[in-house]
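Asker: Quick one: the structure is below, and I'll ask about it shortly.
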Amino acid sequence: MEFKNSKYVEKMCEITNELYKHGWDERNGGNVSLRLTQDEVDQFDDLNKVIRNIPIKFDATPLAGQYYLVTGTGRYFKNVHNYPERDTGLVKITDEGNSVDLLWGFNDGGQPTSEFPAHLMTHIARQKVDSNQRVVMHCHPTNWVALSFTRNLDEKEISKLLWKMQAESLVVFPEGVGIIPYMTPGTNEIGQATADKMNEFRVVMWPHHGIFGCGDSMDEVYGLIETVEKAALIYTTIQSQGGDIKQEITDDDLRDLAKSFGVTPNPKFLSMDKVK
Ligand code: 2HA
Ligand code: ZN
């Protein structure tokens, strides 16, 4: 089978299209990377030649030999599903860790996303805590970005706000959300700050810009971002209804939820010991 017709490319097309349709990836906003295993790559006859080598600007040696299907720099998520072989590429991290070998895609001379350093640094950080780590996803969810203007950039405050917007939140992201300061996109510095947060979280806020999410599968990471953004949308909607809250999910309700669903809330944000 040709790689173009694989379930990996198909999933990349589906997810980038969903992200676009939600309005979270205007123009060339957003980027996605998916790790493939050696066995998965070996199933395809058209992946055994290096098309060209592409330098990268940081040391990715901890990922040497790994394969990533990644969206291209400057590409529009609106278009990926029609032009996957142009707008995405499958790359292998070289042994030296300072470049990638292109095995498929980017067929008009393209390159991986400008946020590739942040993706690869996040893959490095997450693989240390989760050997099944495969996906990093970045996009610009509107209500989530708006929160970074109206609320303090405080991890506990934002995490608890989102947990209390719907019962689903705590179950989906019990560790809460990480937040970095506003930083220039595309730099190694924002990549390192994001990766540092990923030791503890799977979701990181880039204030006034967007979200970084990671996890084991495309559906899981997409679902994580969807859930976070839904909580932020409920917050926006409450404000547009006047913001006057008559009743809410309490800390005790969160503890009951955690017990019932067998999740452990980040102890820095919510103690499971009831203080009376
Ligand atoms: O890929 O979203 O952060 C375009 C961006 C940069
Ligand atoms: Zn962005």
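Numbers here mean position along the shown chain, with the first residue as 1.
Any Cβ shown, glycine's included, is placed from N, Cα and C.
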Asker: Going by TrEMBL, His138, His140 bind Zn(2+); tell me which of His208, His209 is listed for that site too.
Answerer: His209
Asker: Compile a sequence-ordered list of residues in the same chain as His209 (Zn(2+) binding site), six or more apart from it, whose Cβ lies below 8 A from its Cβ; state 'none' when nothing qualifies.
Answerer: His140, Val145, Ser148, Tyr182, Pro185
Asker: Using a 10 Å cut-off on Cβ-Cβ distances across all protein chains shown, tell me which of the binding-site residues (His138, His140) has the largest neighbour count.
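Answerer: Of His138, His140, the one with the most crowded Cβ is His138.
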Asker: What's the CA-CA gap between Glu115 (active site) and His138 (Zn(2+) binding site) in angstrom, rounded?
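Answerer: If we compare the Cα positions of Glu115 (active site) and His138 (Zn(2+) binding site), the gap is 9 Å.
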